Amino acid sequence: MAGKPKLYYFDGRGKMESVRWLLAAAGVEFEEELLETREQYEKLLQDGALMFQQVPMVEIDGMKLVQTRAILNYLAATHNLYGRDLKERALIDMYVEGTTDLMQLILMFPFLSAEDKEKQHALIVQKATNRYFPAYEKVLRDHGQDYLVGNQFSWADIHLFEAILMVEEKKCDVLSEFPQLQMFKARISNMPRIKKFLEPGSQRKPIPDDKYVETVRRVLQMYYNVKASV
Amino acid sequence: MPKAIRSSLMAGKPKLYYFNGRGRMESVRWLLAAAGIEFVEEFLETREQYEKLLQDGALLFQQVPMVEIDGMKMVQTRAILGYIAAKHNLYGKNLKERALIDMYVEGTRDLMDLIRVHHKFSPEEQEKNLALINERATARYFPVYEKVLKDHGTEFLVGNQLTWADVQLIEAILMVEEKVSTILSKFPLLQDFKTRICNIPTIKKFLQPGSQRKPPPDESYVVTANRVFNRK
């Protein structure tokens, strides 16, 4: 039965947020089971529902998919957001890996000590403005099209948009030297499904707070200290 | 230029830009070798080589691995591997097989990442990391692949033919064995898998001395990487 995909994760962004973005952009309704207790997680383990004992996990089309990359690949391909041929897919993959690396720096942020947060903040801004945003600015400038790949909306655009918003939450004027990206951001924001996902009441999750960190640590019994990337 | 000559020039060998060592490029060497694709390599030895690549705009995110293939300068290991796998019929027959392959390679990737950075640690940290590698291999990753083979009783992980998932698993098994030689002692099906896959002609050839397979990282590899990236 082609039911709605069901997402198993914490009530927060983490690695699952990119999946929520992709589903929303594709116009696919989804359900969520939010992990709050250790017992919920242990039940999933006992049921053999988590291939490598980890979340994210997404129940979709009769599969229990794990590993964020595998989940996103499948969703992109099944919703025509993965390009028209191998070369377009290669470009999308390269671009998405770049934004993944950038977002990974932000993902670990809430778990850092106060001192490390300061270092990490500087690193995020530096990498965004010196490494990642210039690359995407050039792509858009060079071909002058609305979207990153093949003149059509793809997963690469959604992922870049998500990354831009996340970095802006750290430094609101981070796009000041990237006019193409500013126009890109405005264009994508105006797409109906994206607009809807950006409105209050959607399944988009807020910036992680202490409660989120506490929940993750409790459910995963992950009490060690995460080090900054520097 | 006649079209035939232009085509044959374009369909040249892939060219790999990386250090003369395993690192993140090794999985690419494995996959190309398994697919029977000849490739050439440019080894980064000096800071100047790296800076030239940067100035030429050859590295999209200023990083290696980079592979020149089919007119593209591809970066990001997963993107490179995905392209090679799809082009050479090692990525399954349909989306569901691809999903399985993706899950399996992400698992082996996570395991291999523990080993890839091992040489960077202090002796004390290495001891802890070794215990972690052992634990993850025997409690998290290898049981999954053992079960996959057991459940559908075929020679390969996905769809009854060699795929990227098998190539990456054999690479992971050999890497872990270099650290913990008895790691497969409780995994009889993986032992059989290892024997079978190592006997595939292209892989057998890659495992022989003189192939482009690289040895485990040593002191000079670390020194070169630090020099090229200006790291202390």
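Cβ atoms here come from the backbone N, Cα and C positions, even for glycine.
Feature list (source: TrEMBL):
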- B:12-92: domain 'GST N-terminal' (DOMAIN)
- B:94-217: domain 'GST C-terminal' (DOMAIN)
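In the predicted model, residues of the domain 'GST N-terminal' (B:12-92) average a pLDDT of 97. Taken through DSSP, the domain 'GST N-terminal' (B:12-92) splits into 32 helix, 16 strand, 33 coil.
DSSP assignment over the domain 'GST C-terminal' (B:94-217) gives 88 helix, 0 strand, 36 coil.
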